[in-house]
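Worksheet: the structure to be examined is printed underneath.
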Amino acid sequence: MESDNLQDPQEETLTCSICQGIFMNPVYLKCGHKFCEACLLLFQEDIKFPAYCPMCMQPFNQEYINDISLKKQVSIVRKKRLMEYLNSEEHKCVTHKAKKMIFCDKSKILLCHLCSDSQEHSGHTHCSIDVAVQEKMEELLKHMDSLWRRLKIQQNYVEKERRTTLWWLKSMKLREEVIKRVYGKQCPPLSEERDQHIECLRHQSNTTLEELRKSEATIVHERNQLTEVYRELMTMSQRPYQELLVQDLDDLFRRSKLAAKLDMPQGMIPRLRAHSIPGLTARLNSFRVKISFKHSIMFGYTSLRPFDIRLLHESTSLDSAETHRVSWGKKSFSRGKYYWEVDLKDYRRWTVGVCKDPWLRGRSYVATPTDLFLECLRKDDHYILITRIGGEHYIEKPVGQVGVFLDCEGGYVSFVDVAKSSLILSYSPGTFHCAVRPFFSAVYT
């Protein structure tokens, strides 16, 4: 490492405390400590949030600032060392006692002007050392940049898989509680069916959890392969220029290109299979009401995104050419229990639920904190179900009618897959305490 030659106190400040090499793309934290950007992020890749400074252990939430001034200082110092090396007597040409200011790319050696004109090096590609250093560093940094972009994407996949695992554990625990509550309201009691349902839920939960962990391990393995090659490139980029020039980097560059072309596993999408609850739809039909919708609005774009869904699913996009319809019930409900069904088989994206007082901003519907929705969106090549309670839900997408059960006294809403007589999900009791009205929005296919 070039840091071995740092004796001057001022030059010691150019050494990264993580890799012990000269800074590459230096950044500094709020606490004042400085590191190579890659070193800092690679150091944090397996550490749970919040991230912390490797020197003082102060949390920094992965916020840092690029130190442009220090980067310039590093460049100046490295060039200064190269010139000191070239000007030293011990590194002059032994034959001609002249400075070696020319680089032979074929032989990978430094030459003086007279040696470069000799018969031995005729036909070889020569250039000044400054140009050779610049070209070598540009090629190194190009490979590093390519791998770094893939590393960041891969790290995002790792973090996403870990979040998915945590949410899966949490959602399965909550779902078990909801299932017990639903069975508790069935008449007559279905204790045996409830126990079988919960046993099936736990089995699927554990099986999926194992698959999620295997998926994470696969992603981590691929990321580590990229990291290994990246560290080699970074180590080479920190070598003194005079050493860097004479290195044969063809094999390293070849492995870098192969690593950059590796397929990146993106993690799995868990799905909870629908499980029928005997008598569920029959019981809910005792609260059946006919809902009349009004104020149906047709437009090519809607900002309907309850709970800022774009922040949770940034890859979810809207097509401005699509036709949206937003409708809400003529009547609001503040007491009692009500159940209605919405036929969704002809829609690829839809939202059902209840809202307080629908209002428009321009030609768009704007959701409020009291709105309780179940929303189906297309994300990449699959569908997701989302709600205000935690974002995405890993539940099998209903293909026909969705039932909506509103309990005003309990202050919650439940959604049912009518065809399979299964619970999609349910908001917790006490979620709202106001009059609400049915809501429906869809995108035409």
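Residue 1 is the first one shown; counting continues down the chain.
For all residues, glycine too, the Cβ spot is worked out from N, Cα and C.
Features as listed in Swiss-Prot:
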BINDING   Cys93, His96, Cys115, His121  Zn(2+) binding site
DOMAIN    271-445  domain 'B30.2/SPRY'
ZN_FING   16-57  zinc finger
ZN_FING   88-129  zinc finger
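Taking the mean position of the Cβ atoms of Cys93, His96, Cys115, His121 as the Zn(2+) site, the remaining same-chain residues with a Cβ inside 8 Å of that point are Thr95, Ala98, Lys100, Leu111, Cys112, His113, Leu114, Ser116, Ser118. For the zinc finger (16-57), the list of distant contacts is 1-3, 6, 63-67, 70-71, 74, 77-78, 144, 148, 151-152, 155, 158, 223, 227, 230-231, 234-235, 237-238: same-chain residues at least six beyond its ends, Cβ to Cβ under 8 Å. In the three-state DSSP assignment, the secondary structure recorded for His121 (Zn(2+) binding site) is helix. Classification of His96 (Zn(2+) binding site) by DSSP places it in coil, neither helical nor stranded. Annotation: Cys115 carries the greatest number of neighbouring Cβ atoms among the binding-site residues Cys93, Cys115 [cut-off 10 Å, Cβ to Cβ]. The Cβ neighbour count for His121 (Zn(2+) binding site), using a 10 Å radius over every protein chain in view, is 17. The Cβ of His96 (Zn(2+) binding site) lies under 8 Å from the Cβ of Cys112, Leu114, Cys115, each on the same chain and at least six residues away in sequence.
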